[in-house]
Every structure is written in structure tokens, then in C-alpha cells.
């Protein structure tokens, strides 16, 4: 029996949405509407923060990064789900699944790391108000966001490389509409 990963040439079936034909158009419109609203809302937040000089503070810097991460996070899964609904195809290649998993983990973890960074920013603002501008300088904020991006990429790469080592021989059905660690 050959050793190693034997799964390079097959596809997974994403089985998370309804199979009923009458629900497909409703699901497509619902997913499309939510996706457009999410992207437009986050783009408006980034635009407002970028254009208003009064919003060039650490809290809004982190909020703009969170909005960018949210746009990328939703863009990882929803477009593939829309294509699957529209074309009635549920398949995703092994490489496509691992790629989607990597970006899903990266941007999902990025939200968590940025929220922790924002919590630290608010802690400094409340507990050390006189030292706030010195502690939360632009250099420090950029360093914190860079650390968030670096750590999330390392975590996602680790999970993705570990998934690459597994072999998937028996069950190729994923009971969801995107690739995730559990399924």
C-alpha cells in the first residue's frame, strides 16, 4: 500500500445548503444580498475613517483593519457558495478546499486578534489616559497590526500544512457550504 497523501486528484462535495430547487433562488438572493451589504458597509467604514482626519486615532486605525479583515473573511466563502448555488455544482477541488481553509482561518483569526488588540487599546485609554498618546503611537499601532497579521498567517499555515498531511479516502462529503477544520 502506498504511503503518503493519496488525495491530490479528487474533489470534496460541499453539502451544507438545501437540495430543493425552489429554495435555490431564495438562497442565492439571500447570500448575495448579505454579501453585498457586508462588503459595502465595511467599505464605507474604511472610507469614512480614511477621509476624516478626526478619525485618525488608534481605535479607528484598528477598526479600519477589522473592516478590511471582515471583507476578506466573507470573500473567502460566500462567492464559492454563490457559484455552487447558481451552477448546482457542489464540488470543490482538494487544493481549492485547502486554499479556502487557509484564508478562512487567516481572516477569522485576524478578527479575534484585532479585537484583542482593540481591547488593549481601550484598556490603555481608560487605565492610563495620561500616557495613552505615548503608549499607543502610530509606530506601536502598526507594529501591533503587523504582529496580528503575522501570527494569524502562521496559525493558518500550521493548520493547513497539518491538513495536507491527512489522507481523505472514504467520505468526500463536507456537511457545510465551505471548507473548515471540523468537517
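The backbone N, Cα and C atoms fix where each Cβ goes, and this holds for glycine too.
TrEMBL annotations: computationally assigned, not manually curated.
Feature annotation (TrEMBL): of 3-25, 26-48, the stretch labelled transmembrane segment is 26-48.
Assigned with DSSP, the residues of the domain 'G-protein coupled receptors family 1 profile' (41-183) fall into helix, strand and coil as follows: 110 helix, 5 strand, 28 coil.
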